[in-house]
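Accompanying notes for the structure given below.
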Amino acid sequence: MKRFLKAWRKTSLIKKITIGVVIGLFLGILVPKASAIGLLGQLFVGGLKAIAPLLVFTLVISALSQHREGGKTNMSTIIGLYITATFAAALIAVVVNYIFPLTLILKTPAKTDLLPPKGISEVFQSLLLKIVDNPIHAITEANYMSILFWAVIFGLAMRSSNQRTKDLMQTFADATSQVVKWIINLAPIGIMGLVFTSISENGIGILGDYGLLILVLVGTMLFVALVVNPIIAFVMMRKNPYPLVLRCLKDSGITAFFTRSSAANIPVNMRLCEDLGLDKDTYSVSIPLGAAINMAGAAITINILTLAAVNTLGITVDFPTAFLLSVVAAVSACGASGVTGGSLLLIPVACSLFGISNDVAMQVVGVGFIVGVIQDSCETALNSSTDVLFTAVAEKSVFGKK
């Protein structure tokens, strides 16, 4: 037993997670009614979601309060990369539609009581109102835009504090980070539970009716992750980007795929940034910000499903209109964190460009919820892994260096 525990401790986290995935897969097929196994996944995701807001709040305050005057954080570059990648992903989705035009079977009403926003202005109004939320309420509700806003305010205010106060804040941040490490070490067990739940509840029948749609969605996201993002990274770094790209997909994308939550993956991304030796002053802000606005996967989902609806209804779309759709999708995707239901509930906003009624648009949303088990997992993996990727790319960029 001791030999087994020793070997387990020496095994890398990714290998442990792989073992957990395989065990969860078999248990989901063999004993699908053993619901207690699924509880392990819920506890793992719940733990990550619970600690992530506190982690972001303490890290940002600590980093800003001790930030050196004249220190470079690369935040403008990172935000520029987030926006560029999101728009590029939306544009790629349009091109994919011309190559693989999809149609949908719009006969199942959307099984959701959520109401879509009436337009982009409503999306950003909601986002702005969330920013000025009560800071305590923001932490309890995991409202990261508000958490970031108040953490920045408190961090700047604490710059004039004495060193002992700053050290105390750093101690809180370090203690929170240690708790995060303990939770992440439970990832193999948690992901085993998540895989079990997914297999036992959904099976693999979903691949039959919506196989082509799933293939196009996943294929487009893979193309963006393995081709588009590396091109952007190469332009910025002027060196082979794939070791960094694959490291981010392996260490961040895999956990994000199973948790299906960018918020829950924030602690994982923070740890990866630390392992990559990135500047803490930068990544403590860029990672939670990326979880809120870096939404390449959401832009792909919005465009693919919207254009599939357009094809189904026989509406002709010229490229200038499709380009405008890319702009709308990119802007809407950046506000996805401000909308209950995320990217799927923003589809009616995009559909409105083509005069598609809200009833039809909500049927498209219904299709999105049906394939959401796979679509949402891949979308989150792409979104979350690129938070780390572009934070690292900005720091390693050849631009702005003497």
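For all residues, glycine too, the Cβ spot is worked out from N, Cα and C.
Under 8 Å from some Cβ of the transmembrane segment (19-39) lie the Cβ atoms of residues 187-200, 258, all in the same chain and six or more residues away from its ends. Taken from Swiss-Prot, the feature transmembrane segment applies to 19-39 (among others).
The transmembrane segment annotation in Swiss-Prot covers 43-63 (among others) and rests on sequence analysis.
According to Swiss-Prot, the feature transmembrane segment maps to 86-106 (among others), an assignment based on sequence analysis.
Residues or ranges marked as transmembrane segment by Swiss-Prot: 138-158 (among others).
What Swiss-Prot records for 179-199 (among others) is transmembrane segment, and it gives sequence analysis as the kind of evidence. The list of residues near the transmembrane segment (179-199) in space but at least 6 beyond its ends in sequence, with Cβ under 8 angstroms from a Cβ of it, reads 13, 16-17, 19-21, 23-25, 27-29, 32, 34, 37-45, 47-48, 51, 55, 255, 258-259, 267-268, 270-271, 373.
Per Swiss-Prot, transmembrane segment is recorded for 212-232 (among others). If you look at the transmembrane segment (212-232), the same-chain residues 6 or more away from its ends with a CB under 8 A from one of its CBs are 81, 84-85, 88-89, 92-93, 96, 100, 102, 104, 206, 241-242, 245, 249, 253, 296-297, 300-301, 304, 308, 367, 371, 374-375, 378-379, 381-382, 385-386, 389-390, 393.
Distant neighbours of the transmembrane segment (287-307): 56, 60, 78-79, 82, 85-90, 92-94, 96-97, 101-102, 104, 144-145, 147-148, 213, 216-217, 220-221, 224, 229, 262-263, 265-266, 269-270, 273, 317, 322, 325-326, 329-330, 332-337, 342-344, 346-347, 350-351, 353-354, 364, 367-368, 375, 378-384, 386-388, 390-391; these residues of the same chain sit at least 6 beyond its ends, with a Cβ under 8 Å from one of its Cβ atoms. The transmembrane segment annotation in Swiss-Prot covers 287-307 (among others).
Residues or ranges marked as transmembrane segment by Swiss-Prot on the basis of sequence analysis: 327-347 (among others).
Residues annotated as transmembrane segment in Swiss-Prot, with sequence analysis given as evidence: 354-374 (among others).
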**Long-range environment of the transmembrane segment (43-63) - Cβ separation under 8 angstroms, sequence gap at least 6** = 138-140, 142, 144, 147-148, 150-152, 154-155, 158, 166, 169-170, 172-173, 176-177, 179-180, 183-184, 186-187, 189-191, 193-194, 259, 261, 263-268, 270, 280-281, 284-285, 287-288
